[in-house]
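I have placed the structure first, in the form of structure tokens, so that the comments after it can refer back to it.
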Amino acid sequence: MVVRSWRHMKERYNLIGTRCKTCGKVYFPSRTVCPDCRRKGELEEFQLSGKGKIYTYSIVYAPPKEFNKLTPYVIAIVELEEGPKVTAQVDCDINKISIGIPVEAAFRRIKEDGKDGIISYGYKFVPITE
């Protein structure tokens, strides 16, 4: 069973942000007001491509308890093609990660919570192999 709050988060599953119709800047997660245009800007829902590159990363060896089974794993800031930067796990061999490699979002199991083992899903990034 997926927790209800996760089923209703467009950002969590589909990388949906907003784009300002006035200046064209893209935001993720979604915003209600454009920080550049302020009230002059009108925002619209925008589907991000999910493609980008590793901006920076860290390898996690001492995770929170719900991530113990994944250790070690990579957490990164990914700069998306549209501009926003997103923090997420990268599903890859820790020896094959480096700054600048191209990645894309993929739907993945994130973690299990509590005694009941409630599974949370969302996006992780995976290297794009050419």
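Cβ from N, Cα, C; glycine included.
As recorded in Swiss-Prot:
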BINDING   CYS20, CYS23, CYS34, CYS37  Zn(2+) binding site
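Distribution of Swiss-Prot features across the structure.
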{"residue": "CYS20", "record": "Zn(2+) binding site", "CB count, 10 Å": "21"}
{"residue": "CYS23", "record": "Zn(2+) binding site", "CB count, 10 Å": "12"}
{"residue": "CYS34", "record": "Zn(2+) binding site", "CB count, 10 Å": "21"}
{"residue": "CYS37", "record": "Zn(2+) binding site", "CB count, 10 Å": "16"}
Shell list (Zn(2+); ref centroid = CB of CYS20, CYS23, CYS34, CYS37; cutoff 8 A): LYS21, THR22, GLY24, LYS25, PRO35, ASP36, ARG38, LYS40, GLY41, LEU43
Assigned conformation of CYS34 (Zn(2+) binding site) - DSSP reduced to three states: strand
